[in-house]
Amino acid sequence: MEANQKKEDFRIVCGTYEKLIYGINAFWGNVNNSDDDIEMKDVDEPLDPKLIEKKKKIDETSLGLASNNKALRLDPVFIYPSHISYIKCIGIGGHHMASGGTDEVIKLYDLKKRKEVGTLLHHSGTITCLAFYQKTHMLSAGEDGEICLWRTKDWEKLTSFKGHKGGVTWVAIHPSGKLALSISTDKTLRCWNLVEGKAAYTLKLYRKDALRIYWNKTGNLYAIMFDREVILYDAANPNKSHTFGHKGRINDFRFIQHEGKDYIVTGSEDKKVRIYDIETEKCIAQWDNGSETRIKCIDVMENEGANLLCTCSSDGIINVWDLTSIFDLIEMEQDEEMQSEENNTTVVKDLEDVEPISRYKTECRITCVCFAPPLNYGNEEEVEKEVKTEEDQKEEKEEKEEKESTDQEKSPKVKTVQNTKANNTNNKGKKQNNKRKRKNQEGGKNKKAK
């Protein structure tokens with residue numbers, strides 16, 4: 001990487017039905033001074049040049065300015081053939097990334113080095129969900145009904161949570177990292193104590209098609225996505241809930257925040273994105289994704305002062321939306337809301353003039369997506385110089401203390417062995433001297449007798 005080249009600000013990673021993992025770098029830049037400012041391209045050497053060349057048909061990616069007055073450009077950094085069957089889920093924690101598929105295997109990757117680093121073979125059945133807590137731990141879930149807690153430092157399985165009688169469809173770790181929620185085809189929600197490694201409680205669900213579950217940012221609310229609705233729960237009182245109905249099938253959802261207030265955003269089968277106000281329980285905005293097929297998956301992230309939404313469709317299109325700008329439009333369109341008599345939910349007209357700030361076309365059928373936070377990808381010298389976090393320093397200190405403790409335990413043993421050898425040598429020498437003395441004494445006695 002040349003010194004004058006710009007590093008990516010974040011990365012988007014997608015899994016596909018074609019067993020490929022896409023890594024796409026995102027760059028913020030200005031578009032006012034065309035030649036200098038738009039020169040943002042910074043694509044590292046791809047892992048598979050043939051695949052990257054074959055699928056290099058890219059739409060014009062920088063489509064407009066975000067609320068931070070910057071343009072966003074998307075460029076591929078790798079396309080990697082990973083699993084032997086389609087990829088079901090992806091999880092990212094720091095520089096760690098994991099992918100799971102119908103081949104019952106969890107693949108592990110290092111996003112800094114852009115390489116595969118290992119494989120976890122434990123689940124029997126499709127891997128359905130991979131959830132990280134920061135960069136230290138990961139939960140994996142599968143159709144076998146088991147949930148495993150892994151330590152990313154050495155990828156040791158710390159414990160397994162068994163209790164579901166059906167396949168686990170999704171898990172969500174509380175922002176504190178102390179507990180997790182899981183949903184299953186057995187029509188139950190289970191809460192797990194991650195600190196003590198045991199079950200906390202179980203709630204019965206009235207339907208078995210619970211597909212996704214997520215916490216909000218503060219951890220006081222969680223929501224479960226079913227086929228055609230999202231049900232919101234109060235963590236302090238799970239019996240209190242609110243339902244957000246939907247005409248068509250919902251494929252993914254997330255909590256988002258705007259000006260300190262929680263909202264729910266959904267991506268659905270009808271190719272539309274919808275935003276729901278949690279307080280009023282109404283849909284306050286919807287717009288078309290601009291794709292030929294359904295929205296398969298979404299993710300959200302805050303970066304460079306912009307609140308971003310990524311939507312991926314089954315025809316391979318990745319759109320990045322600036323939610324801050326969209327909320328400005330929502331405020332202008334509040335008067336356009338109408339009440340639907342069919343399902344008693346709020347219906348709004350499609351927001352006009354809504355365009356993604358960036359777009360990339362993969363030409364693959366996307367199954368899952370994750371935003372990857374900014375890291376010093378690709379530049380190994382910079383990776384070594386990267387400022388260590390308090391957690392990294394703590395880990396290094398623990399490793400150093402553990403090593404010193406081990407060395408101290410070993411040292412006396414080595415010394416004892418050496419001393420034993422020396423003592424044995426001395427004893428052997430003494431025995432030989434005594435033997436010579438006895439021989440000499442016997443020889444002297446014989447001479448006297450003669």
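Each residue, glycine too, has its Cβ placed from N, Cα and C.
Any TrEMBL annotation is an automated prediction that lacks curation.
The model shown is predicted, which means the values in this text are computed figures rather than measured ones.
Feature annotation from TrEMBL assigns repeat 'WD' to 120-160 (among others). Taken as a whole, the repeat 'WD' (120-160) shows an average pLDDT of 96 in this prediction.
Taken from TrEMBL, the feature repeat 'WD' applies to 161-202 (among others). Across the repeat 'WD' (161-202), DSSP helix (H, G, I), strand (E, B) and coil residues number 0 helix, 25 strand, 17 coil.
Taken from TrEMBL, the feature repeat 'WD' covers 243-286 (among others).
According to TrEMBL, the feature region 'Disordered' maps to 381-450.
What TrEMBL lists as compositional bias 'Basic and acidic residues' is 385-412 (among others).
Positions annotated as compositional bias 'Low complexity' by TrEMBL: 414-427.
What TrEMBL records for 428-439 is compositional bias 'Basic residues'.
Here TrEMBL flags 440-450 (among others) as compositional bias 'Basic and acidic residues'.
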- Query: Mind checking how the repeat 'WD' (120-160) divides into helix, strand and coil residues in DSSP?
  - Reply: 0 helix, 25 strand, 16 coil
